[in-house]
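Feature annotations, courtesy of TrEMBL:
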type	residues	note
TRANSMEM	A:19-37	transmembrane segment
TRANSMEM	A:44-63	transmembrane segment
TRANSMEM	A:69-93	transmembrane segment
TRANSMEM	A:105-124	transmembrane segment
TRANSMEM	A:144-171	transmembrane segment
TRANSMEM	A:200-219	transmembrane segment
TRANSMEM	A:239-267	transmembrane segment
TRANSMEM	A:279-302	transmembrane segment
Amino acid sequence: MDLQQTIQQLINGLGLGSIYALIALGYTMVYGVLRFINFAHSDVLMLGAFAALFLAPLVEKAFGPQSVFGAIMIIVFAAGICACIGMLIEFLAYRPLRKRPKLTVLITAIGVSLFIEFTCQNKAVFGAATRSFPKLLPEKQFHFGNLVIGSTDILVPLVTLLLLGVMWVIVQKTRVGTAMRAVSFNQQAASLMGVPVNRIISFTFGLGSALAAIAGILYSMKAPGIEPLMGVQPGLRAFIAAVVGGIGNLPGAVIGGLLIGLLETFAGGIPGLSSYRDAIAFGILILILLFKPAGLLGRATIEKV
Amino acid sequence: MKIRTFALPALVASIAALGLTNCKQGGGDTIKVGEFASLTGKEATFGTSSHEGTLLAIEEINAAGGVLGKQLELLTEDNQSKAGESTNAVNKLISKDGVVAILGEVASSRSFEAAPVCRDNSIPMISPASTNPSVTEVGDFIFRACFTDPFQGAALANFATGELKATQVAMLTDVKSDYSKGLAKFFKEKFLANGGTLVTELDYNGGDKEFKAQLTTIKNSNPQAVFVPGYYTDVALIARQAKDLGLNVPLFGGDGWESNVLLDIGKEAMNGHYFSTHCAADQGTPKMTAFVESYKKRFNGKTPDAMAVLGYDSAMLLADAMKRAGTTEGPKLRDAIAATKDFEGVSGKFSLNENRDAVKALVFIKIEDGQFRYTATVNP
């Protein structure tokens, strides 16, 4: 592998890694507050992509094709829809089980995930066939000698960084963030101190699902074929990323995502290794769990988020 | 111990046979034909096309008076393009519904799953479009109405060195698919024999969305063309990302490419690429022209693809064999199918060889201006 190829793979890997990072942010956020993995997160990602698919023609009519403002509108609306879906899932599936053992909730989360996937594969909903995702923004490839950087490869890391910043501000600097940290620290004590626990948990789910929707749209811009099972593979990688980075830790999720994305890309470009990308992702997970169970940035403390 | 291990399957088989005869007697005045297909899931357009072709054939046969004085009844099971589901589907069709023959499937991996069940129950199975050689190797009850990958792979290798004048080729294979791996193997054998060099061989997992890692390495190895023996959903994304990376050489592949979804998703990135397939709607033979017309009439103006044609041909082949056999009993029906010679299918005239594979021509298609264009026919 020469230098030029290495740099190209670095660019590819960062593009992919920031998508994983964005999804991992949502996983880690919900885990931070509720201490359980919301497996339906990757399906909300898919719903975000489909929301954008159906919104795109409407927005295009109003603002013309491939306008920046139109794209932002689509993302905001899709994120809003998915935030509502996320809160609904929490209300219907997780809230009734809140006092039960965490394992019950975890199993329910897997059930919710399968329910969404198979409902959406029904012909009456989206159908199982792969659909073409519309172009939301004009795409451009920048060539530097032999190197190619696509506009989405630049856009995705920027959005991820921006959202990481926004999340950090929300969690650390706002009243609602203080409440989230309080709920994560001790639900019962928080409610005794007047924190509306249900509303805070709803808000967390809404925020996490909005992140998933944005990730889904960016993912579909990179790979414009979408189907009801599209969330499974990136969802799994992002879950690994969240654990590797230290689950519950926001910057950890981003670092974990980038790490998995980069490793996967470099492995993918090497003959003989390219079919072991899943094995590599899981190998990292196992190594981390063996040697640094709290994750790269995780500390073995109780307070997280 | 030995007796027991023998006795148990024999017992199971005899019970199954009892169940079967019961079903047949209770079946009444229709002949039940089973079909399993990927009607939903990753390869849904393949399954839907072959199912529509099969359905059209059964309807036409029934309209013309049926077979052996009875109407045909098509029972279809969906395996959702998933590994493991086909065995269940075929088991149900045979033991519960009591079908006399099985049609399906397009994907080789899933035909391969169902084939042992059909063989063990002495029920003939005709795959419309599974090209992997291992499918019919399962046993003498398993047939196919299409050519095999050794033939397709060799034709693609000759196409690469002949038409494309490409001796430096990169290859990108789907490791999850028997079809892709098989085609890659036979292509490689012939291509190397033709004096070509494979500059790099990389893999992906079917269903991946991100191929830039592999494509970057491929671009760096400076190939004159890239062989991608995959399925359309993956190929479309590969073509787009190849274009994004500035990899401007022709991609080419096999019949797994053929679906309108390829053009839907791949858009202008598909132009200038080639694939081989069983037949083309614009190839101009009278039987094909007539089929295209009746298919369009039946399915809202949809143009049939090769999978629809093969679905149709496999059902017609079965009906023809039933007429010749004069019965729907498994072993006699099997012998009649095996004896098929010079069958006039929509996809062309073909005979079944001693391996129960159809020996027939293939066509090459070039993608231009977002359309499939017939370019050449290659005879076996």
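Cβ from N, Cα, C; glycine included.
Predicted automatically and left uncurated, TrEMBL annotations should be read as such.
Source: prediction; values computed, not measured.
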Message: Using a threshold of three or more Cβ pairs below 8 Å, and leaving out pairs closer than 6 in sequence, do the transmembrane segment (A:200-219) and the transmembrane segment (A:19-37) count as in contact?
response: yes
Message: Short question: most Cβ pairs under 8 Å with the transmembrane segment (A:69-93), which of A:44-63, A:105-124, A:200-219, A:239-267, A:279-302?
response: A:200-219
Message: Take the C-beta pairs under 8 A between the transmembrane segment (A:144-171) and each of A:105-124, A:239-267, A:279-302. Which stretch has the highest count?
response: A:239-267
- request: Go through the chain and flag residues at least 6 beyond the ends of the transmembrane segment (A:200-219) whose CB is under 8 A from any CB in it; none is fine as an answer.
  value: 19, 22-23, 25-27, 29-30, 33-34, 38, 41-42, 44-49, 51-52, 74-75, 78-87, 89-91, 95, 136, 152, 155-156, 159, 163, 167, 170, 176, 179-180, 183, 190, 230-231, 234
Contacting positions for the transmembrane segment (A:279-302) when only residues 6+ beyond its ends and CB under 8 Å are counted: 185, 236-237, 240, 243-249, 251-252, 255-256, 259-260, 263-264, 267, 273
Message: Should anything in the same chain at least six residues away from the transmembrane segment (A:44-63) have a Cβ under 8 Å from its Cβ atoms, list it; otherwise answer none.
response: 23, 26, 69-70, 73-75, 77-79, 81-82, 85-86, 89, 116-117, 120, 126, 131, 133-134, 136, 209, 212-217, 219-220, 226, 228-231, 234-235
